[in-house]
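Copied over from Swiss-Prot, here are the features:
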type	residues	note
REGION	1-23	region 'Disordered'
DISULFID	CYS153-CYS162	disulfide bond
CARBOHYD	ASN169	N-linked glycosylation site
CARBOHYD	ASN173	N-linked glycosylation site
CARBOHYD	ASN269	N-linked glycosylation site
MOD_RES	THR594	phosphothreonine
MOD_RES	SER598	phosphoserine
Amino acid sequence: MDSRASGTASNGETKPVYPVMEKEEEEGTLERGHWNNKMEFVLSVAGEIIGLGNVWRFPYLCYKNGGGAFFIPYLVFLFTCGVPVFLLETALGQYTSQGGVTAWRKICPIFEGIGYASQMIVILLNVYYIIVLAWALFYLFSSFTIDLPWGGCHHEWNTEHCVEFQKTNGSLNGTSENATSPVIEFWERRVLKISDGIQHLGALRWELALCLLLAWVICYFCIWKGVKSTGKVVYFTATFPYLMLVVLLIRGVTLPGAAQGIQFYLYPNLTRLWDPQVWMDAGTQIFFSFAICLGCLTALGSYNKYHNNCYRDCLALCFLNSGTSFVAGFAIFSILGFMSQEQGVPISEVAESGPGLAFIAYPRAVVMLPFSPLWACCFFFMVVLLGLDSQFVCVESLVTALVDMYPRVFRKKNRREVLILGVSVVSFLVGLVMLTEGGMYVFQLFDYYAASGMCLLFVAIFESLCVAWVYGARRFYDNIEDMIGYRPWPLIKYCWLFLTPAVCTATFLFSLIKYTPLTYNKKYTYPWWGDALGWLLALSSMVCIPAWSLYRLGTLKGPFREPPPRSLQRIRQLMCPAEDLPQRNPAGPSAPATPRTSLLRLTELESHC
């Protein structure tokens, strides 16, 4: 295990000292590894946080919640929750050199459940997020043709209700009240072959299963050698989507009607700020798009060198992420404005979010463009890459957590590769359920409950409370100062102490109050047991935090049978950081290393150890 203490180098600079790992070396334990350079870390994090949510969720939320006015609550959550928690998790990983579970064990054992909660979310996320890649691959392969298969009603999967929009007047080639478009029929009858409910799963869609298998094979080989392979792959997977986004942006803004679409995207409606739902949407979008509370940032940060300037990296990555979301809105809504003008319908009828944008709205727009197969290939290749690096970083997060929990088992030759293979195979097999004819209903359950904003908010509350109030915000600032050479902006510390837990708690409670049962396509209502299954998925992660704390308290040997002073002292031991964490030398670089307790202020000594 990569344990570190501090010492003084010959040039007077305080450096972490790595103790000799005699037992592990005797047993042939491999080194944990580091990024070869800063760029690998930056691109890996960028690939993780800049994903599908930037393209198919943020622009729609802007349009839905008051256009430019939505940026007000978005920026509030960005600076009170997004940036502080982003820095907290990244710095925690860099400071402890541990994954998403053991990092929390080292700074506060009683809150180790935070790590288990985040990994439970990642386990569920790994199963269903990659399904989107399977769909995107299916569309990508279907785009290698002269005429796109969702462009007309003459295919075997089309029904008599299939009608096409006239490009000029928006009228339908028919008068049926049940009329559907070829894009929707391709999605529901060719790709999904969707059944009438979750109770009828039906047959497995073998074509999608092969696409899912291909996605998992690509994901496996992207991370099978750890940071050595991941650091190289992200040079392509994290940068090429930007090229595609720029190409689509240039094409979009040059289309007729683009200005109208961009106006709908940005025109501010300040009255929407009085709606609490707007603020909840802004908060959940921050947590979705910044990949916080998943353990991914902790895992990626743990491969940094000790003196890497994680504070500067975090600020740059946060603003890059938000900027990408903003620019993606221009690319998407310029296309939607073009659709609105060509079909002669309001933009509200073509604006969609989530899979509806990627697999219905945008494919419909592509059909109207010259050289439509080319633009379809560009778009779906971008979707695949946006989802791919987010997926394999999540798998890397889980694998890193397991390896750090059991280093003597997995940190040996070929053991890590076998572990990744096992995770991939199990996740693939479970994911096949979502590729049945009723699999879309299962997918929505996972998406709505398993990795919902509610779960992420719950974890964020305890993360900020643990670091700020139990471990000590000032002490964590001391740790960051020891790593980067200066103290971050003081506002971030006060966010950890007050703003982040308060804002997250308020948003969490509001999401409970405003909870509405899940529906599909605003028509199908899930049975009671479907909602119950969804809540079990949500609680599977949230329950880890209190359950672990109660377990640790319950396994203390006799604390409640001893006098109160001694029992409290034993409980405080569960709140004490590990002794082998890097130690800051407060006396100056020329002074000898000091015990860890000399770093604590009086109040921290009394409340911790």
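Going from the start of the chain as shown, residues are counted 1 onward.
Cβ atoms are placed via backbone N, Cα and C, with glycine included.
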Candidate with sparsest Cβ neighbourhood (10 Å radius) among CYS153, CYS162, the listed disulfide-bonded residues: CYS153
Spatial separation of CYS153 (disulfide bond) from ASN269 (N-linked glycosylation site) - C-alpha basis, Å: 39
Coarse DSSP state, helix versus strand versus coil, of CYS162 (disulfide bond): strand
Cβ-Cβ neighbours of ASN269 (N-linked glycosylation site) (radius 10 Å): 13
